[in-house]
Structure formats: structure tokens, C-alpha cells
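Q: Here's the feature list from TrEMBL:
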- HIS67: active site, proton acceptor (ACT_SITE)
- ASP68, VAL71, GLY73, ASP75, SER77, GLU89: Ca(2+) 1 binding site (BINDING)
- PRO165: substrate binding site (BINDING)
- HIS195: heme b binding site (BINDING)
- THR196, ASP248, THR251, ASP256: Ca(2+) 2 binding site (BINDING)
- CYS36-CYS117: disulfide bond (DISULFID)
- CYS69-CYS74: disulfide bond (DISULFID)
- CYS123-CYS324: disulfide bond (DISULFID)
- CYS202-CYS234: disulfide bond (DISULFID)
- 26-328: domain 'Plant heme peroxidase family profile' (DOMAIN)
- 1-21: signal peptide (SIGNAL)
- ARG63: site 'Transition state stabilizer' (SITE)
Amino acid sequence: MAIKLLLFLCISALLSTPSLSQRHSPLNTAYYRKSCPRFEQIMEQTTTNKQITSPTTAAATLRLFFHDCFVGGCDASVLVSSTPFNKAERDAEINLSLPGDGFDVVVRAKTALELSCPGIVSCSDILAVAARNLVVQTGGPFYPVKLGRKDSFVSKASLVEGNLPRPTMPMDQIIKIFESRGFSIQEMVALSGAHTIGFSHCKEFNSDLYNYNKTSQADPSYNPRFAQALKGACGNSQKDPTLSVFNDIMTPNKFDNMYYQNLPKGLGLLSSDRGLFSDPRTRIHVEEYVRDQNAFFKAFASAMQKLSEHGVKIGKHGEIRHRCDAFNN
């Protein structure tokens, strides 16, 4: 009898133990259902209003989200301001060009949420949901965002370099950065499709337009007329570093597959964009997304879900910040 009872207790314990997938994904979509019931509504109102008044918000927020998640995980470390004692992530050289609209939409949402349910919602959850909402609001795919992230205790500019892909990097290096975070080449190409909205500063691609090599002033992978137009748009960029060009010149404010359609025509703005079509490892996926926007949307949604859970902090490993730009005292 004792043996049967012991066996029963062992089986009961096994059945009640969370599965590996449950243990590895402590986040869930209903996290704020009781503690902050208006969370989704407040997020929707905030992102919609901000995007209407500032149409560059969607691209700015997406870029901010990528830059946050690729350095130490999705933990709102990129939102922290520097102090005399700490140079934070946002002041790393590559992050100095992050547009203010991305930070602003998070601050607006945090302010509204603190009035509705103080001390409950993390800045990292706000950024993840804002990025999703803004993708949808510009015509892109919906995907569920699991919640329950905590905000980081650390934000250091010194941790940024080498962890974010730069447009001038060779494709091998960009692939390694993604693969080191568990992303396949296909997922990398899908996430690159975020360049279907937004803009890049001229300094990011000026070296591709002038004195490229001994035989060609501009990178020959550019469509020649496009290169000429870019020279006209960026001619004064030495004096005015804010000059910029849309990443997708055809439908710059619409989340669609036009970014991929531009690449075979030599209309990729950045060297890394054009590299996706010239490298056979990535071209196969570009060609699929050129043919099938639904395939791109499905792959993008899946990769964004995966990215949003990368390196998240839970429990004692993080906090709910009172303000998104500063650690709690």
C-alpha cells in the first residue's frame, strides 16, 4: 500500500510540474488582465495618437526595440539616461541617432499607465507592445506579445559595440550577430524587412556614393539613377548631419514587401540592404518575400515574437521602473 501511495504521489508531482516550455517562457499574454485591466486600451490609444501626429514614430519605435533587445535582451536598458557616474546604452555612438519619437511614445504610455495602475507595468513590456501596435497601424501583421518582463538594473554604453549590426558590416559578420542570438538567416532577412518603413541618415551610406573605388565613384550595386538622386538629396550632409532618405522610396510609410521588391532593382539604400540580394544565402529568402507578401508577414511576425522574448528579465533579476529613463533608487 505504501509503495502504491508513493507511486501515486510521484506521478501527481510529475503531472503538476510545469512543462519545460512553460518553465522557459514565464511570460504570458494575460499578465496584466487583473492588475492593470486597461493596459491594452491605454497602449492602443497612446500609439495611435502618437503615430497620427508623428508618422515617423513606427519606424523609430521598431529601431529602438531592436537596439534594446540585441544588447542584453528586451529589458528597456536602452531607455536609461546617462548620469555623471554611468554612460548608458543610449549614449553609445551607434545609438545617438535613435529618433526621439520612439522614446517619446514609451514615456507617454508609461505616464498614462502610472495614473491608471501605478507601479505595475514595466517599461520593457511597454516598448514591446508599442512596437507591435505600430507595425499593425502601418499595415503590417499582428502578432501576440507575451508580457511580464522586468526592467534591467544595468545600462552601459560599453556593452553595445559589436552587438548591433551596422550597415557597413560584411554579411558574414551580420549573420554571426543574429546567429549568436539564436536567429536563423531566414529570420534575419525577415527582420530586415522592418526597413520597409523609416529613414536613414546620409552619413550611413555616403561612403557608397563617393570615391567607392578606382573604377566607380558610387557602389555599382546601386541603380545608377538612384545613386544620382541620393547624391542630390545628401549633397549638403557634411554641413547638415540630420539629412536623411527613406529606406523604402516607393511606399515609405506603409509596412509591406516593397522593401524586398526594391532590392533586385538596385534600390536598396544601405550596403547591408543590397547585400541581402547579392549574397546567395540571403537572396533565396528575399526572392520569396518579393513574390509573396503573406510569407513575409508570417515570417516577420514569428521572428518578432521570438525577438520580444530574447534575454528577458523576470523575478528578482529586474524591476518595474517608476520612470523609464532611470533606475529605481
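Cβ coordinates are placed from backbone N, Cα and C, and glycine is handled just like the others.
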Q: So which other residues, same chain and not among ASP68, VAL71, GLY73, ASP75, SER77, GLU89, have a Cβ within 8 Å of the centroid of the Cβ atoms at the Ca(2+) 1 site?
A: HIS67, CYS69, PHE70, GLY72, CYS74, ALA76, VAL78, SER152, SER155, GLY311
Q: Return the single residue from the binding-site residues list (SER77, THR196, THR251) that has the minimum number of other CB atoms within 10 Å.
A: THR251
Q: Taking the mean position of the Cβ atoms of THR196, ASP248, THR251, ASP256 as the Ca(2+) 2 site, which residues outside that list, in the same chain, have a Cβ no more than 8 Å away, listed in sequence order?
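A: Checked against the 8 Å cutoff, the neighbours are ILE197, MET250, PRO252, LYS254, PHE255, ASN257, MET258, TYR259.
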Q: Looking at the recorded positions listed here (CYS36, ASP68, CYS117), whose Cα lies nearest to that of CYS202 (disulfide bond)?
A: ASP68
Q: Long-range same-chain neighbours of CYS123 (disulfide bond), Cβ under 8 Å, sequence gap at least 6?
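A: Looking at Cβ-Cβ distances below 8 Å from CYS123 (disulfide bond), excluding near sequence neighbours, one finds ALA76, LEU79, VAL106, LYS110, ASP151, ARG321, CYS324.
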Q: If you average per-residue pLDDT over the domain 'Plant heme peroxidase family profile' (26-328), what number do you get?
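A: Overall, the domain 'Plant heme peroxidase family profile' (26-328) comes to a mean pLDDT of 96.
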Q: About how far apart, in whole Å, are the alpha carbons (Cα) of GLY73 (Ca(2+) 1 binding site) and ARG63 (site 'Transition state stabilizer')?
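A: So the Cα of ARG63 (site 'Transition state stabilizer') lies 14 Å away from that of GLY73 (Ca(2+) 1 binding site).
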Q: If you skip the near sequence neighbours and keep only those at least six away, which residues in the chain come within under 8 angstroms of ASP256 (Ca(2+) 2 binding site), Cβ to Cβ?
A: GLY139, THR196, GLN293
Q: CYS36 (disulfide bond): which of the recorded positions HIS67, ASP75, GLU89, PRO165 is the nearest Cα neighbour?
A: ASP75
Q: Taking each of the recorded positions ARG63, HIS195 in turn and counting other Cβ atoms within 10 Å of its Cβ, which one has the fewest?
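A: Candidates: the recorded positions ARG63, HIS195. Fewest Cβ atoms within 10 Å: ARG63.
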Q: Of all the recorded positions given, namely CYS74, PRO165, HIS195, ASP248, THR251, which is spatially nearest to ASP68 (Ca(2+) 1 binding site) at the Cα level?
A: CYS74
Q: Would you kindly give the Cα-Cα distance separating ASP248 (Ca(2+) 2 binding site) and ARG63 (site 'Transition state stabilizer'), rounded to the nearest Å?
A: 15
Q: Hey, of HIS67, CYS69, CYS117, PRO165, CYS234, which of those recorded positions are within 10 Å of ASP75 (Ca(2+) 1 binding site), Cα to Cα?
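A: Correct set: CYS69.
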